[in-house]
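Asker: Submitted below is the structure of interest, expressed as structure tokens.
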Amino acid sequence: MKTATGVLTLVAGVASVVLTGIAFWLSYEHLHDVAGEYGLGASPERAWAWPATVDLFILVGEVLMLRASLRGRGIDWWAVALAGSGSLGSIALNVAGVGDGAEPMEYVVAAVPPVAALLAFGALMRQLHGLLAAHGHASGVAEMPAKSPTLSSREASPASVSVAALGAGSGGPKLASSEPVVSLRKERPAAPAKPGSGTSGTATARSARKQTARSRGSSKPSGKAPRRSMSEWVELTEPVFHDEFQKLRRQPTASEFAEAIKEAGHGRPSDSTAKNIRTEILDRTDVPALD
């Protein structure tokens with residue numbers, strides 16, 4: 001039983017470490033891109049350091065909460081505020097970095113890494129707390145026989161020795177193992193299901209939205225770009241990119257490129273999509289020489 005528990009604990013710990021690392025890396029990478037787009041593009045070192053001023057608050061807050069729990073001091077609200085500020089700031093900046101006019105799923109994709117980083121790191125700290133608490137409890141149990149008083153064979157019978165050993169160091173009687181232990185924890189009643197929240201209702205609503213979107217395909221605002229594959233975007237906008245490059249005497253930012261695509265009559269993609277298109281164009285073609 002101990003072996004199985006140890007294996008499960010190890011698997012959960014490794015999975016938490018991997019998930020925490022991946023989530024923090026995705027969040028950090030996106031915040032680096034945001035910093036490069038808005039003010040720190042000329043300084044790569046500062047663009048890489050800037051996300052740490054947000055994401056590291058999560059780490060500091062979680063570690064301080066773990067320390068307070070191990071010391072038995074209850075909730076450290078200052079640590080909770082640090083972790084909460086870092087998490088909310090990271091989520092807000094990741095979502096804001098997508099830009100205006102993006103598809104809803106682009107905002108969801110941007111929000112997932114910081115949320116996952118918070119949850120995964122919290123799970124990791126919870127497992128570490130359990131491990132350290134169990135180690136401290138085992139150390140305390142090992143030291144108890146040395147502190148308990150010893151009775152001579154003349155002063156006590158075997159039965160009294162057993163009772164003294166059970167009560168030593170506790171200051172009061174203990175329940176025998178055969179006595180039932182009553183839990184005082186109240187079970188929380190299950191929340192009632194909301195009407196219309198079933199799978200069939202969700203699927204029906206989603207199907208209706210898709211049908212409505214198809215029927216309104218011709219009435220989309222002219223400023224919003226239609227759905228296209230990346231290769232179609234690149235083929236349509238490569239001349240636009242070269243024209244902007246010559247006009248600005250530098251590479252256009254994602255927002256500038258998106259506006260130029262809109263002015264060319266192709267609809268305005270989101271800043272995130274425009275950045276991906278720009279990257280594909282730069283990968284496929286050489287940067288044109290300035291006239």
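Here the Cβ of each residue, glycine as well, is placed from N, Cα and C on the backbone.
Nobody curates TrEMBL annotations by hand; they come from automatic prediction.
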Asker: I'm validating the feature mapping. Which of 77-95, 96-114 is tagged transmembrane segment in TrEMBL?
Answerer: 77-95
Asker: Using DSSP, what's the helix, strand and coil tally for the compositional bias 'Basic and acidic residues' (259-269)?
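Answerer: Taking the compositional bias 'Basic and acidic residues' (259-269) as a whole: 5 helix, 1 strand, 5 coil.
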